[in-house]
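A.B. asks: Found this in Swiss-Prot, in case it helps:
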type    : residues                                                       : note
BINDING : GLU71, GLU100                                                  : Mg(2+) 1 binding site
BINDING : GLU100, ASP121, LEU123                                         : Mg(2+) 2 binding site
BINDING : ASP121, ASP124, GLU283                                         : Mg(2+) 3 binding site
BINDING : ASP124, GLY125, CYS126, SER127, ASN215, TYR247, TYR267, LYS277 : substrate binding site
Amino acid sequence: MDHAADATRTDLMTITRFVLNEQSKRPESRGDFTILMSHIVLGCKFVCSAVNKAGLAKLIGLAGETNIQGEEQKKLDVLSNEVFIKALISSGRTCILVSEEDEEATFVEPSLRGKYCVVFDPLDGCSNIDCGVSIGTIFGIYMVKDLNNATLDDVLQPGKNMVAAGYCMYGSSCTLVMSTGSGVNGFTHDPSLGEFILTHPDIKIPKKGKIYSVNEGNAKNWDGPTTKYVEKCKFPKDGSSPKSLRYIGSMVADVHRTLLYGGIFMYPGDKKSPNGKLRVLYEVFPMSFLMEQAGGQAFTGEQRALDLVPKNIHDRSPVFLGSYDDVEDIKALYAAEQKNA
């Protein structure tokens, strides 16, 4: 009997243990971040359970309300938003919350305040619920500058100021991927234990990938560099093999695949939507943060994505993120266009 192998299998690194280990590396830590993360994890577990039994519980119909993006809200959207708002406030470690579902930011009452601001999309890709496609929760965490004088400026910061970011994908398995600024790690939910277990330690995106991910239905409205890049993916002139197109339409699922297999995920601006569709604070920033931490890049068509300074909490931006070399290629096309302008 291989006792060493058995020991490896039984020495499970849970997400709580992992975050506590990270905390021990920082002498100034008082455990606030660990408590906050445990509440985010609780929210993810609740939503995972709700997504898994959505059909049985009749949660997947439209709720009859419209969110501020003008999208019909699904019942699961509403439920997920409420769960995360309550979980984050009850942690006692948050100050300002920005949700994709709420028009205004939520300022936590002073007696329950902590030093963190959390920006999140409680259920990204919700239009895919009915057809069983993977959906997910995306979150980013900032530190408040002055706890006694918290303002919207505390969340209207560039993404490079985030202290942590992550997403939880609800699919064939429930996977939580996060970074606290020192690499990216992935955890898979074990339903028998009720715990997230470290299954993807220190994720590194391949330097170059074989996949591109974009909604080609918008191609007629694209700008020059995006059109040229996709043409290059399909019909390479250097004798290399064409890239494969993979597009699910759920950002969490598309980015998760890109992170693990390499390649590029694109949601460019176009004639119809010059700023693209993705929201800066709780979609572009967290995913860009993760990509950079995994050794990739994120670019808006004009600048590094994490250098953007949002003016409003629901601002949108184009984004190109993924393998370092693939993003370099599209950056070169934008630079050439600017030079010729």
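Glycine too: its Cβ is placed from the backbone N, Cα and C atoms.
Buried or exposed, and what's around them? Tell me for each listed feature.
C.D. replies: GLU100 (Mg(2+) 1 binding site) falls outside any helix or strand according to DSSP and counts as coil.
According to its DSSP assignment, ASP121 (Mg(2+) 2 binding site) is in a strand. For ASP121 (Mg(2+) 2 binding site), the count of additional Cβ atoms within 10 Å of its Cβ stands at 29 [all protein chains shown].
Long-range C-beta contacts of ASP124 (Mg(2+) 3 binding site), restricted to its own chain and to partners at least six residues apart, with a cutoff below 8 Å, comprise GLU100, ILE135, GLY136, THR137, ILE138, TYR167, SER250, MET251, VAL252, GLU283.
Long-range neighbours of GLY125 (substrate binding site) (same chain, six or more residues apart, CB within less than 8 Å of its CB): VAL133, SER134, ILE135, GLY136, ILE248, GLY249, SER250, MET251, VAL252, ALA253.
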A.B. asks: Enumerate same-chain residues with a sequence separation of six or more from TYR247 (substrate binding site) and a Cβ-Cβ distance below 8 A; give 'none' if the list is empty.
C.D. replies: SER213, VAL214, ASN215, GLU216, ASP254
A.B. asks: Calculate the distance in Å between the alpha carbons (Cα) of TYR267 (substrate binding site) and LEU123 (Mg(2+) 2 binding site), and round it to a whole number.
C.D. replies: 19
A.B. asks: How big is the gap, in Å, between the Cα of SER127 (substrate binding site) and that of ASP121 (Mg(2+) 2 binding site), rounded to a whole number?
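C.D. replies: Spelling it out, the Cα of SER127 (substrate binding site) and the Cα of ASP121 (Mg(2+) 2 binding site) are 13 Å apart.
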A.B. asks: Over all shown protein chains, what is the count of other CB atoms within 10 A of the CB belonging to LEU123 (Mg(2+) 2 binding site)?
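C.D. replies: By my count, 28.
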